[in-house]
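Working notes for the structure below.
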Amino acid sequence: MISYNIIAGDTLSKVFQRIPGVDPENLFVGRHFIIVLSTVTFTLPLSLYRDIGKLGKISFISTVLTALILGIVITRVVSLGPYIPKTEDAWVFAKPNAIQAVGVMSFAFICHHNSFLVYSSLEEPTVAKWSRIIHISIVVSMFICVLFATCGYLTFTGFTQGDLFENYCRSDDLVTFGRFCYGVTVLLTYPMECFVTREVIANVFFGGNLSSVFHVVITVVIITIATLVSLLIDCLGIVLELNGVLCAAPLIFIIPSACYLKLSEEPRTHTDKILSCVMLPMGAVVMVFGFVMAITNPQDCTHGQEMFYCFPDNFSLTNISDSHFQLTTQLPTLNISIFQ
């Protein structure tokens with residue numbers, strides 16, 4: 001929920017700042033105001049639903065917008081990529097901080113926490129139907145994530161930010177439309193996370209049942225806490241990394257494997273048990289080392305800053321401060337018209 005708030009604030013604020021006649025320094029187009037406004041007008045009302053099934057049409061809209069965003073990112077590989085200098089060792093497969101990347105990727109695929117709610121929302125909840133839905137969903141999600149990652153990295157290589165839209169220039173009208181779609185997608189996805197949080201609180205402290213009053217109160221408290229934290233943090237990268245190593249790794253690798261090993265009556269040589277024995281320690285390594293690296297080696301965050309290649313002047317890049325950015329490249333003149 002915190003991550004979604006940060007994304008919405010960053011992306012939508014840039015969209016509104018592009019409106020002709022609007023002062024970018026105006027308080028009402030800043031990320032803090034956008035986060036509060038979107039919370040009050042969109043995410044809170046949607047999160048007050050009791051039945052997660054009512055979010056079905058909203059999720060479909062979010063899926064369509066995701067396809068549009070993907071099309072924009074693919075388009076910019078061709079139109080923008082050749083103008084962006086490639087960083088040194090850009091095609092090295094893995095570096096020491098790859099563990100942090102595993103945490104972020106795990107966060108992208110975490111759906112375990114809302115599985116029970118989604119399963120119960122099916123018209124005919126059967127294991128066979130659920131298995132078919134979840135496998136198709138994961139495969140499609142993987143395809144989309146691979147395309148986003150590949151296209152984004154092909155365009156910006158080592159300059160790629162935790163929030164890919166931070167890499168694009170504010171003068172890019174097509175990407176501005178993509179930012180708007182992205183912000184809306186995030187706002188429409190947010191309520192599902194609130195449903196899960198509220199459900200857990202209801203089960204642990206209220207026996208699974210909430211009166212209408214407590215339903216509203218707990219929802220407001222959850223969203224208020226998430227909003228306050230997101231107002232204090234403006235760098236998405238560190239949030240995704242910590243979410244990945246502290247939440248996604250246990251939920252994806254550790255807890256399911258441990259539960260299966262404890263409850264399954266299959267022999268030790270069974271394929272599923274062998275996979276569980278591999279996944280559990282792998283998740284523990286990602287969790288421990290990922291957390292340590294996220295704290296001791298945080299990734300750069302250029303929130304709110306225009307990247308160097310967005311300026312239309314000729315200049316050379318020589319010995320950029322970070323060693324992995326050291327290169328000597330003459331950047332062609334970038335006519336702002338290429339972003340229109």
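Just so you know, the numbers here start at 1 and follow the chain as drawn.
Just so it is clear, glycine is given a Cβ too, placed from its N, Cα and C backbone atoms.
All annotation found in TrEMBL is predicted automatically rather than curated by experts.
Lifted from TrEMBL, the feature list:
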{"type": "DOMAIN", "residues": "1-295", "note": "domain 'Amino acid transporter transmembrane'"}
{"type": "TRANSMEM", "residues": "28-46", "note": "transmembrane segment"}
{"type": "TRANSMEM", "residues": "58-78", "note": "transmembrane segment"}
{"type": "TRANSMEM", "residues": "98-122", "note": "transmembrane segment"}
{"type": "TRANSMEM", "residues": "134-156", "note": "transmembrane segment"}
{"type": "TRANSMEM", "residues": "176-192", "note": "transmembrane segment"}
{"type": "TRANSMEM", "residues": "213-233", "note": "transmembrane segment"}
{"type": "TRANSMEM", "residues": "239-261", "note": "transmembrane segment"}
{"type": "TRANSMEM", "residues": "273-295", "note": "transmembrane segment"}
(message) How about the transmembrane segment (98-122) with the transmembrane segment (28-46) - do they touch, taking at least 3 C-beta pairs under 8 Å (6 or more apart in sequence) as contact?
(response) no
(request) Count, for each of 58-78, 176-192, 213-233, the Cβ pairs lying under 8 Å from the transmembrane segment (134-156), and report the range with the highest count. (result) 58-78
(request) Report, as numbers and ranges, every residue of the chain located at least six residues beyond the transmembrane segment (58-78) whose Cβ falls under 8 Å of a Cβ in that stretch; write 'none' if there are none. (result) 46, 144, 147-148, 151-152, 154-155, 164, 168, 172, 174-175, 177-178, 181-182, 184-185, 188-189, 191-192
(request) Would you kindly list the residues that approach the transmembrane segment (213-233) from elsewhere in its chain, counting only those six or more residues past its ends and only Cβ-Cβ distances under 8 Å? (result) 1-2, 5-6, 9, 32, 35-36, 39, 43-44, 47-48, 50, 194, 197-198, 201-202, 206, 239
